[in-house]
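Take a look at the structure set out below.
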């Protein structure tokens, strides 16, 4: 039994981490009232920047390269997400449509620049990815050690820590209260002196940074290079996790952990007696079918932030 | 001077121009000559009769996916699931096309019907969940896309072929391919589907603008609460809109299965026909005639892009960037309107 759990939990955590990061970004954006279908594109941008930075600076930074790569990816994706912010906050664009444009643009730019700089459709494999490691003292604890503290990526812990921080920021700080109020009733927030536009810009940029973090972590732990097909749907899964998790950071984390687990199923099934004989196709569609079932019944009605998707126009009623 | 109608024409035209201009700037920034880049694009889509045939072939499924997304939009729904509906439609068409033997007059319509039905079912599920449980259709349709992709790959390997990576070819009697059209376009893969696509656009226009069912669909799109108050069954209309939308997208898949390819390969990634359909619908202003024009533009861009790396050394992804920019500018139509009105005031 322990063996089975040991072959389930670490891979599930490892597949979940990028989804958790991105979904947390989605929570911030949507809590401020900006729908972000562009999470997929933000992840693509993050993966691209993470890989390119890693390839370029591996000699300079050595073992620290992956960490600096994800920082670079966060910064670039945050700047890239400004496009979505300008369109949906200032230009009053349909936020869903603008998000779709972000997805197209990130993929087009990423592959265009890849061809430009590497003369082929995909980059080389990175030489400085994240490696698994055993946590020194905690890894020696019986039962829990092998499950949670051996063969793990540090990024998996970072994801969980950030989820708790995000919860704290959103629910325990004045900034979080303002951000949520802007997403619920922007006019009331405006009347109380909160700058709706500024809050929404900040929220979208946080989602950009977190999406970039998620994409680069995915690229540097799972994909290891960048191409057209590096990020296929992880952003959409994260968006589903946002809604599944009822727009709450910890809920989104739970949903992302669940998706990560479901995604890892098709990879680890061969080593689990119960799943060995299940045809691959069922395991492949499991995360999506389970999501639909969960949204349709098990979690009850989820209420989106009230002003989600509505451009705020000062002075209108 | 600026009526709403004029804005509806001006905004997409300006968006396309802006997209092309920014694309040119990007080309110039990377040391390419934008003029030769766009020349290669033009030559690659209309340069000779073969390319022209290929362009029209590419336009065909875009019309269908564009109509699908536009139809849902008009009813206030966002169908991101056209992609999955294309895949199941393609699968169903090829399945019927390969498995049955019948004279063409029965076989071809049957294959088309199967595609429409498959797409409709794929639209029905998110429609039902939206209408009955209020689950957001965007999420469900995204999930349905992945399910369509994996299920169809599985079925092609296990049912439609014996562990091969593509289905058996369809029978002659279910094929939309036409020797006549192919010969005329020096053997492009142009097929009769374009006629069905244009017919479908007329159907959509008629259905939405000239029937009472269409009026209900549109009014639900405008204001659900008012429609409810006026005695319309909002839930029924939501489901109906998604079903019809899915049927259009499914037929788009049939165009690929019965016309262009004559079989279905397993897909490792999405075909993007459905996602591009979102852009087509938006640019086409969500009306049938606009969708046909927008599909023509996208087909031109996509087929022309294939000529860009060879003729001008520009990566074909440049066109993806241009398409993204066009969508972005269409989405930001408010600012375009604002600028236009500014200009008008200063002109006085």
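Quick reminder: no glycine exception, Cβ is built from N, Cα and C everywhere.
A TrEMBL annotation is a machine prediction, not a hand-curated record.
Listed features, source TrEMBL:
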TRANSMEM  B:7-30  transmembrane segment
TRANSMEM  B:50-73  transmembrane segment
TRANSMEM  B:80-98  transmembrane segment
TRANSMEM  B:104-125  transmembrane segment
TRANSMEM  B:190-208  transmembrane segment
TRANSMEM  B:238-261  transmembrane segment
TRANSMEM  B:273-298  transmembrane segment
TRANSMEM  B:318-340  transmembrane segment
Residue numbers, six or more beyond the limits of the transmembrane segment (B:273-298), whose CB comes under 8 Å of its CB atoms: 8, 12, 15-16, 58-59, 61-70, 73-74, 80-86, 145, 197-198, 201-202, 204-205, 208, 249, 252-253, 256, 323, 326-327, 330-331
Same-chain residues at least 6 beyond the ends of the transmembrane segment (B:50-73) whose Cβ lies under 8 Å from its Cβ atoms: 43-44, 79, 82, 85-86, 119, 181-182, 184-191, 193-194, 197-198, 200-201, 204, 208, 221, 241-242, 244-249, 251-253, 255-256, 259-260, 273-274, 276-278, 280-282, 284, 286-288, 290-292, 294-296, 298-300, 302-304, 307
Distal contacts, the transmembrane segment (B:238-261) - CB-CB under 8 A, six or more residues away: 57, 60-65, 67-69, 71-72, 74-75, 77, 79, 81-83, 85-94, 97, 108, 111-112, 115-124, 126-128, 130-131, 137, 170, 174-177, 189, 191-193, 196-197, 200, 204, 207, 213, 217, 220-221, 271, 273-274, 277
